[in-house]
Amino acid sequence: MKGRIKPVLEYSAALLVLLAAWWYVSGPMGMPAYLLPSPASVAELLWSMLMNGKLLPHLAFTMQNIVIGLVVGSVFGVLLAYAFFKTPALSDYLEGPLVVIQTAPKIALAPLIIIWFGLGLTAKIVLIFSLVFFPVFAGALAGFRSIDSRLHDLAQLMNLSRFQRFLRIDLPAALPGIFVGVKIGAIQALVGAILAEWMSGSDGLGYLMTFATATYKTPLLFGAVLLTAFLGLAMHAILNEIEARFLSWSTPNEH
Amino acid sequence: MIKIEQLSKIYGQGDDQVVALEPLDQQINAGEFVSIIGPSGCGKSTLLRLIASLEDPTSGSVTLETANLKRPVGFVFQDAVLLPWKTVAENIRFPLDTTGVSRKQANEKVAELVELVGLKGFEKSLPKQLSGGMRQRAAIARALADDPPILLMDEPFSAVDLLTRETLNDELSRIWQKTGKTILLVTHSVEEAAYLGSRVMVMSPRPGRLKATYDVDLAQPRGEQTKRDPKFLDLVSELRTLMREMTS
């Protein structure tokens, strides 16, 4: 337990310092409120929006898109990586092109995705998917390829079916690699979700940001940015917790 | 019974060809404990992998008369090769979990095996929390879990310290007597080969082939008194001389 409390304290201390600096610049130093609203005014606004039900739908919308995009992107990333791993011919022909495509900044493709998939939910999910897919694919492929060859011997000795082999040996053995990809993918998913909301629609934290900017509601803009940052932190914490619980076997022993 | 006919293995092609095993004929009867020794590169591990169908032979065949069991052989590797994300008990239960044995039955079997290999109290440990010797015990228990009639062991004790090795040797000898399995043990140690085997196969390297076989005429059960038996000492020194000739 001791090891858990320390990072929490460190995080809190860093946040307090930031908060104090923010308070000082916006208050005693006299920065105008339209440039930098005070922490109190931002907190007040967020609270009132929470109370009148105008905040949670936006937050939920963004989170929902992230989760869908992350799950779908991860599933497809892992499955394609497994297909590549099992079919060397496939990876011989497709791995090169795939890496080349990957070097194209997908954020630049965002407008194209909107044109192809419309202004609705589909385009948002597709954009998040495209950002999540590759890191998970790359992590999973590395994970599958680094499986101890003796585990393959074991699978053969046990006469496992293809499905048993995937589920009971290959997938768990590749999980540390897959998880590296998912952690990168989660950050990308947040970026993708916000970006997609900037470009179209009238829901989500990204939409709140563009709306606040267009109408000079600086406290709202700050609120949305802060919530996005907290969302990122929360995702990070959740993924770390999952990693600590399910992947402790892959780290060297603590004692 | 294991019937080996004209079994050979060649790795690579053309000029890079390496003959790992020259054609070999051998018959191993049910319930025998065969030790296989020889210097590195004599094809002893290859022979074991061929018998386990982990490699395809270049020629010849291996016939296991085991009534078409799904898993006729249990295999113990040089390292334990446990699934690192599973506990000791889950690892031992793995062969049972993947053949649809009921959970209750499987757990009873696991408890029995844990007792047999002396891992009581470590059922819930992860492999990384165990010493090499304990991991190897868990691997032996796993190999025994679905009760295969044949047990193949590829230098199973080379990674454990001497004292543990002697203990594990005695345990293996006991398990063999108790279960009546056919066991093939590949080892570097002539003492281990003579101490455990009812027959010793000596193989020579480059190219790998069978050089000689010895029937071990020593009383069962074997123990400390075996190691002082003149017949044991004669056999060990004969094997050692043979090994030395091959490596010089």
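Glycine is no exception: its Cβ is also placed from the backbone N, Cα and C atoms.
According to TrEMBL, the domain 'ABC transmembrane type-1' annotation covers A:55-239.
TrEMBL lists A:66-85 (among others) with the feature transmembrane segment. Sequence-remote contacts of a segment are chain residues at least 6 beyond its ends whose Cβ falls under 8 Å from one of its Cβ atoms, and for the transmembrane segment (A:66-85) they are 91, 94-95, 124-125, 127-141, 143-145, 166, 170-171, 174, 178, 181-182, 185-186, 189-190, 192-193, 231, 235.
What TrEMBL records for A:97-119 (among others) is transmembrane segment. For the transmembrane segment (A:97-119), the residues of the chain that approach it from at least six positions outside its boundaries are 126-127, 130-131, 134, 137, 191, 195-196, 199-201, judged by C-beta separation under 8 angstroms.
The transmembrane segment annotation in TrEMBL covers A:125-144 (among others). With a cut-off of 8 Å between Cβ atoms, the residues of this chain six or more beyond the transmembrane segment (A:125-144) that come close are 65-66, 68-70, 72-74, 76-78, 80-82, 84-85, 91, 98, 102, 106, 109-110, 113, 116-117, 170, 173-182, 184-186, 188-189, 191-193, 195-196.
The annotation transmembrane segment is assigned in TrEMBL to A:173-199 (among others). Away from its own ends, the transmembrane segment (A:173-199) comes close to residues 61-62, 65-66, 69-70, 73-74, 77-78, 81, 107, 110-111, 114, 123-124, 127-128, 130-133, 135-144, 146-148, 151, 205-207, 209-210, 228, 231-232, 235-236, 239, 242-243, 246-247, 250 of its chain (Cβ-Cβ under 8 Å, at least six residues beyond either end).
Residues 11, 33, 37, 41-42, 45-46, 49, 59, 62-63, 66, 179, 182-183, 186-187, 190, 194, 205-206, 208-209, 211-213 of the same chain sit 6 or more residues outside the transmembrane segment (A:219-239) yet have a Cβ under 8 Å from a Cβ within it. TrEMBL lists A:219-239 (among others) with the feature transmembrane segment.
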